[in-house]
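*Asks:* Sending over a structure as structure tokens; questions will come in a sec.
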Amino acid sequence: MTTGRPNNILALKISTRSSSLTVGEQFCAVFIPFFAIIDVLVSSVGQCFDCRSTSPRTCQHADLERLARESQFSVNEVEALYELFKKLSCSIIDDGLIHKEELRLALFQAPYGENLFLDRVFDLFDEKKNGVIEFEEFIHALSVFHPYASIQEKTDFAFRLYDLRQTGFIEREEVQQMVSAILLESDMMLSDELLTMIIDKTFADADSDKDGKISKDEWNVYVHKHPSLLKNMTLPYLKDVTTAFPSFIFNTEVED
């Protein structure tokens, strides 16, 4: 099973070869732990959680069809993901909703504790900002990582990851805070000097009007120049969830 802990050899390669990496490649290396976490979330719930939900919440066939239209998944794949969602949502509180403690348990094997990195993952899934992740929000977020999701969807998602204050801009302090939190959770070692250099080069390249922050338009241009930033935002197995997680098909209790 994937552990979600990037190999420290990656950090060594970055520190010893930083001069040969482009700005985009360096910044991409910082992004890798976050996107790996989405992979860990799906695979860990699929393989390790063994609870059965008794929540009265159900998903009607009409809901499955609607979510299939709103995402890159087929109706059968949405149904399979509903089984995965139910496993995660009953791990602590069996109410058919994913609470932050349940997400933390899935990602870090510990239900409690404060972490900016976890907060950002949760906030990006929690579209309604009501403190829980509902199934349709779960589908919408995972759909961004589907191979058929558009480049613009992935670009927008990555922008929101670093726009901590939700001002419509990425500020240097936000990047510093977010990257530090990601590195802390991933055991990825980067020196302060190298991290500062990566952020300096990123803003020098992306902040075209030199106002100290990156707008959405500037971000779009930057990602277009450095497509490697989005390389890890695609999970190939989401193209066929029913094959990747066949047990969900046979365990489904979704009502037609």
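Glycine too: its Cβ is placed from the backbone N, Cα and C atoms.
Fair warning: this is a prediction, and the values are worked out from it, not measured in the lab.
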*Asks:* If you check Swiss-Prot, which of SER91, SER191, SER247 turns up marked as phosphoserine?
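*Replies:* Residue annotated phosphoserine in Swiss-Prot: SER247.
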*Asks:* Which three-state DSSP class does LYS213 (Ca(2+) binding site) fall into?
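*Replies:* For LYS213 (Ca(2+) binding site) - judged by DSSP and reduced to three states - the answer is strand.
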*Asks:* What else in the chain is close to the domain 'EF-hand 2' (113-148), if you only count residues 6 or more beyond its ends and a Cβ gap under 8 Å?
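*Replies:* Contacts of the domain 'EF-hand 2' (113-148) (Cβ under 8 Å, skipping residues fewer than 6 from its ends): 34-35, 37-38, 42, 59, 63, 67, 70-73, 78, 81-82, 85, 96-100, 103-104, 107, 154, 157, 160-161, 164, 177-178, 181-182, 184-185, 233-236, 238-239.
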*Asks:* Three states by DSSP: which one describes GLU218 (Ca(2+) binding site)?
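*Replies:* In three-state terms, GLU218 (Ca(2+) binding site) counts as helix.
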